[in-house]
């Protein structure tokens, strides 16, 4: 029975909590006292307890450290009149059908058709470190990095078990949660909904910050008031999507980039997802994130277990920027498995925007030679290199036939790649590296693969198979499709000197044959990602989905870089990259200099401006044909490369401070500070010319107030001066930019 706590139980809880709070500073990351639990980070506390009567898990606190020696306020205040008390409770795992009419975290359909659940606490265990999720991407860490609490719950009426796993990364004020559901009964059940994380916050005045967009305009910030009732967003596309990102933040109305409280939530998943925020009638706000229930309905037989993806929640008292830096550092160090996560990225040139499908071995080798002569270190051959019977000379044929086109590469792809990697990079002892584009999850009907295996394409019975970009999606939920992809790419990567792979995905899933296909597809895709990235650890993997359609933590587990957007216009990219950095580290962002007028916006900006914007991404490069560039621009490329190589280590490993936002200012700016604080680089932009007005003063952040900093090797100022008084620069005309280096003096 759920209801108000008895006076005896409330007194017991308060007494236990008082003792728990008094020892916070000396406590381990996870403290357990009786049936009260506390996860303690450097600047966060997450607390809940077991209700004595209902055996439900009741939330006590998620926010700053609770260091008061007294007691917590009552969980439920005095009640007057006839009220449904469950609507006032802060529940950790809200179920369905027993009087809590708010958004549930779990919805299970039993064999008899019942959808009521009654999960009660049974036991718990604490482990050092963090177990990996089976078949799903997940954060990782050793015993000194992370601790884990597993709470075992059970529904005695349906014989269904739920294990709630909480992990705490104290250094990053990050709580990670996932749920396992196990059918312990004799009949089948169906999981209709399972949120990875659901939390009730005892405040009702929030703004919600999220990332919205579409193709070529991903990652745009949206801040809106959390109003009464339910609101949310998600994806039903079969991938995380351009339209929304599996991330949101709840912030107070007064929270800014650098001040105020921010709760951030991020789902480690690549498929369709759902975010739900509900402002209730009793002063609570419920927030939940997980797999989209419209694409779940997962059958679970006796003895079977379903695992949710994990969700990451961080808390910051230093504004939205503080929240972002916690995500950045956690994901760089405890999510991305690749050794390239924090390594300097070689400057690359991608063939796509320069040549498209129109090339042969001679033109490609010439472009590679031009690249090497300019000092570029990695040449990437994009779409169009494959297909024997159905050559990929346009987007209507060849996908799925991963063999080199013999007409384009008569000596064979391995020998051609060997010719490319023999090229000497100018002003360097290096030879040119080679990268290759794939779209392994797709198939053209005009291909040998489709003609041999039409059943491998996702389809729903006799319904027409909808084409997008002249292609269909392979059913990666099938083990034979997974094996085909692994074998096809392994054959190519094992027989040629390929150091980089761009993995593309250019459409969503249509005509799914059953609701749970999306989740099954993701399990198969993660198996493919894990197998290939483990088998070829010396390959740099970069994800892409028509740009940033799959920029999510699930992909980042295996691929250290993701192409941020197909929009390479520098002005648009400032907003896209600033927005994406709300949760994702700039080290993961692919950002390139393309030709002008820009292919997406037709805007013309200087090559310096384009390059400075792109340098804010960890994977910096070019998408153009050097031979078609103006000579003045071409002459600047060696200097741009030298600057990019100087900037890149700070961007890849450092902390980002967004000083001025593109949606709020004509002068957006970001400061990157190295982890040891010894160096910093400032990116400062003017969008439109400033007429008859004073130049803005930019105050820096994140510096050591007592230290001295040399600015571009010239003047020296204290950190206090730079943060409290600031810098002032003169800009010239539209689309001007500055890159400024700061060096801490010892």
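Glycine residues also receive a Cβ, built from the backbone N, Cα and C atoms like all the rest.
Taken from Swiss-Prot, the feature signal peptide applies to 1-26, supported by sequence analysis. Residues annotated as N-linked glycosylation site in Swiss-Prot, with sequence analysis given as evidence: 43, 156, 180, 188, 360, 427, 446, 495, 714. Annotated active site, nucleophile per Swiss-Prot: 504, in sequence order, evidence recorded as similarity to another entry. The annotation active site, proton donor is assigned in Swiss-Prot to 566 on the grounds of similarity to another entry.
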Please report the DSSP secondary structure of residue 180 (N-linked glycosylation site), reduced to three states.
strand
If you count CB neighbours within 10 Å, which one among the glycosylation sites 188, 714 has the smallest count?
714
Would you mind checking how many other C-beta atoms are within 10 angstroms of the C-beta on residue 446 (N-linked glycosylation site)?
20
Expressed in Å to no decimal places, the gap between the Cα atoms of residue 566 (active site, proton donor) and residue 43 (N-linked glycosylation site) is 38
Once near-sequence residues are set aside, which residues in the chain of residue 495 (N-linked glycosylation site), 6 or more away, have Cβ atoms under 8 Å from its Cβ?
414
If you count other C-beta atoms within 10 angstroms, which of the glycosylation sites 43, 156, 360 is the most crowded?
43
Among 180, 427, the most crowded of the glycosylation sites [Cβ within 10 Å]:
180
The number of other Cβ atoms within 10 Å of the Cβ of residue 566 (active site, proton donor), counted over all protein chains shown, is 21
Can you figure out which of 43, 180, 427, 446, 714 (the glycosylation sites) comes closest in space to residue 188 (N-linked glycosylation site), comparing Cα atoms?
180
If I take the Cα of residue 360 (N-linked glycosylation site) as reference, which of the recorded positions 156, 180, 504, 714 has the closest Cα?
504
Listing them in sequence order, which of the recorded positions 43, 180, 427, 446, 504, 714 have their Cα within 10 Å of that of residue 156 (N-linked glycosylation site)?
none
Under 8 Å Cβ to Cβ from the residue listed as 'active site, nucleophile', same chain, six or more residues apart: give me those in sequence order, or none if nothing qualifies.
383, 437, 438, 439, 544, 545, 546
Can you tell me the CA-to-CA distance separating residue 427 (N-linked glycosylation site) and residue 43 (N-linked glycosylation site), as a whole number of Å?
48
